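Okay, structure first, notes after.
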There are 2 protein chains.
Amino acid sequence: MQTLHVELGDRRYPIFIGSHLNPKTLLEPYIHGRQVMVVTNTTVKPLYLDHYVQALETLGKTVKTCVLPDGEKYKNIEHLNLIFDALLQAGFNRDCTVLALGGGVIGDMAGFASACFQRGVYFIQVPTTLLSQVDSSVGGKTGINHPLGKNMIGAFQQPQVVLADMAQLKSLPPRELSAGLSEVIKYALLGDVDFLVWLEMHMERLVAGDAELLAEAVYRSCAHKARIVANDETEKGERALLNLGHTFGHAIESYLGYGVWLHGEAVATGMVMAADLSQRMGWISLEDVERTKNIIQRANLPIKCPKIPLDEFLGYMSHDKKVLNGQLRLILMKQLGQAVITNDFDVELMKKAILNNQLS
Amino acid sequence: MQTLHVELGDRRYPIFIGSHLNPKTLLEPYIHGRQVMVVTNTTVKPLYLDHYVQALETLGKTVKTCVLPDGEKYKNIEHLNLIFDALLQAGFNRDCTVLALGGGVIGDMAGFASACFQRGVYFIQVPTTLLSQVDSSVGGKTGINHPLGKNMIGAFQQPQVVLADMAQLKSLPPRELSAGLSEVIKYALLGDVDFLVWLEMHMERLVAGDAELLAEAVYRSCAHKARIVANDETEKGERALLNLGHTFGHAIESYLGYGVWLHGEAVATGMVMAADLSQRMGWISLEDVERTKNIIQRANLPIKCPKIPLDEFLGYMSHDKKVLNGQLRLILMKQLGQAVITNDFDVELMKKAILNNQLS
């Protein structure tokens, strides 16, 4: 087992990464109060809920559960309210802990509920997908969607502890494992060419679910994100680098309709577009673009998106949160493994980069 | 005009207190971004909304408004969502300001919405009732009710600035002015016998709406609360003193049904019960209890509640947030003008204090 500490002053917390982790011993020091609400979904419930409930009950805790339907479309205010209902029906007070057992949606919702319930109670994350292990387990971003925008309502809420158990990835559909690897590749491309070399050595075994290699990938990804987040907790600057591929990717997701492509799939093609534009700007080489496409393909991720009319693609891009005073800013690569946030790019070249990476 | 600074480190903010304050000059330095959402209710809208919208537009801001129905019963998740709808329909981004124009309910809801929208935007408070000027304008508590409990869902969100304009109290119904004076009296009883003497000198003119004296009362009340909150922002200790009279008061409100008595009215009788119990414990004199009753009556507030069966009264008290490990804690007076939080009281004497201050 490896331990990574996210350094956020008095909100510092550990991420335990390994296989078949023991929740009883690992969670005990981090649970406040006697009341624990485990929030999970209908997919995770039959797989892992009993295991955690039993461990917590062995610790003498009063454990209640809140099981939500599975899916991004339930990440809304109505289903958030079901968590509040469960907490209040159970008579939980300020001195309780909310434990998220599931993927990114469950983490976002349970985290946000814990931030708001009685103006803030304790929060623990047990991410059960690769994506949530490498992404939402670091950074404290929680929240829900609104019909007019994703993640528009939320809070920064840091967990007490995160348990990332590779054994739980065995039950993950291969397509979701690949979508998680998309964010892993992102960390390499935005800030660590050595990690890219490592991924190039091991991608097939990662895709096959090798627990030891996955643990290392999760550790290195979380370490990257933790360093960036520690410098910029509330996203005033450097943290925007984590959105490499995301502005293009959001346009793809929005056009196709959320859920048609997985987030990681859209980000994968978005990273190809970002690399392509970076090459056209003369910052990286054609070989760098090929390496980018190659590692993405080896993770079973798409390097081209379906044909999308350019004006619609640009329209969706203009809704990006990084638009500042009407200026679109993108995360591009100044060199392979070194991303920057910039509005200093040629819009005509950007259009070529978009069109060049669509299916004909 | 007087200015009071609430000292909360990098979240330090000023409260401007006076009559006919100029929102244009006072608010300008504190508005972030170009977009301002003014949240108000149907009662305040015809009185003051245009005045603030015009001032903000003169500053070159894009001003949108969200008008909620008036009343505590609308302080729920459905009406909170109307604020999010308004923000998103107006296309507001992270760099916007939410301005609460109204009483405590509007301040709580607009403040909570500003804490959650895009994970936190800027917040300004213009409290239009005496109660909200002396209570919710200091401390950063925001939130909504849930069918199973008041203020169960919320956030700590500090404003950038508070404007407390005595001229706006002219439109306040006398009963609501008195309810605000109940909290003013509370600050005197819990921590400042000199302020009690001052109130005893001026109560009739305060009840009559003398703007200059009201401004002084607001200043002294906010200064008290600000000092306590600066020491204990998230209510781990001293801040609980602000609940003098509230545990008894909540029981009265709950039994009668919320809204039958105003909060300040229930707290007034609650403070009489707290004083009565403090005297029975031998901590304050009978004369101190008489002074307490006297100042409360002169503010046109009730010193006795309707007859409530004792077991029901105690039942409601046991739901108090200050119950810790099943132990009821009360805010009592060790001497007049000096409150303490304690579980060291005689339950039989508490019952007598409750029964003694009910109508027969």
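For all residues, glycine too, the Cβ spot is worked out from N, Cα and C.
What TrEMBL records for B:70-75, B:104-108, B:128-129, B:K141, B:K150 is NAD(+) binding site. Per TrEMBL, Zn(2+) binding site is recorded for B:E183, B:H246, B:H263. Annotated domain '3-dehydroquinate synthase N-terminal' per TrEMBL: B:66-178, in sequence order. The feature domain '3-dehydroquinate synthase C-terminal' is assigned by TrEMBL to B:180-323.
Report note: the Zn(2+) site is defined by B:E183, B:H246, B:H263, and the residues of the same chain whose CB lies within 8 Å of the CB centroid of those residues, excluding them, are B:L131, B:D135, B:S182, B:K186, B:G245, B:G249, B:G264, B:A266, B:V267, B:G270. Taking H, G and I as helix, E and B as strand and the rest as coil, DSSP gives the domain '3-dehydroquinate synthase C-terminal' (B:180-323) the counts 104 helix, 1 strand, 39 coil. According to DSSP, B:K150 (NAD(+) binding site) sits within a strand segment. Among the binding-site residues listed here, namely B:E183, B:H246, B:H263, B:H263 has its C-alpha nearest to that of B:E72 (NAD(+) binding site). When Cβ atoms from all protein chains are considered, those within 10 Å of B:D108 (NAD(+) binding site) total 25, not counting its own.
Of all the binding-site residues in the list B:E183, B:H246, B:H263, the shortest Cα-Cα distance to B:I106 (NAD(+) binding site) is found for B:H263. Cβ neighbour count within 10 Å across all protein chains ranks B:I106 highest among the binding-site residues B:Y74, B:G104, B:I106, B:K150, B:E183. When pLDDT is averaged over the domain '3-dehydroquinate synthase C-terminal' (B:180-323), the result is 93. Counted with DSSP, the domain '3-dehydroquinate synthase N-terminal' (B:66-178) comes out as 45 helix, 36 strand, 32 coil.
Taking a C-beta cut-off of under 8 angstroms and a sequence separation of 6 or more, B:D70 (NAD(+) binding site) has the following same-chain neighbours: B:N41, B:T42, B:T43, B:V44, B:V105.
Within the same chain, residues at least 6 positions away in sequence whose Cβ sits under 8 Å from that of B:H263 (Zn(2+) binding site) are B:L131, B:A179, B:G249, B:E253. Non-local neighbourhood of B:T129 (NAD(+) binding site): B:G102, B:G103, B:G104, B:L169, B:L172, B:E176, B:G180, each in the same chain, at least six residues away, with C-beta under 8 Å from its C-beta. Between the C-alpha atoms of B:H246 (Zn(2+) binding site) and B:K150 (NAD(+) binding site), the distance comes to 13 Å. Cα-Cα distance from B:K150 (NAD(+) binding site) to B:E183 (Zn(2+) binding site): 19 Å (rounded to the nearest whole number).
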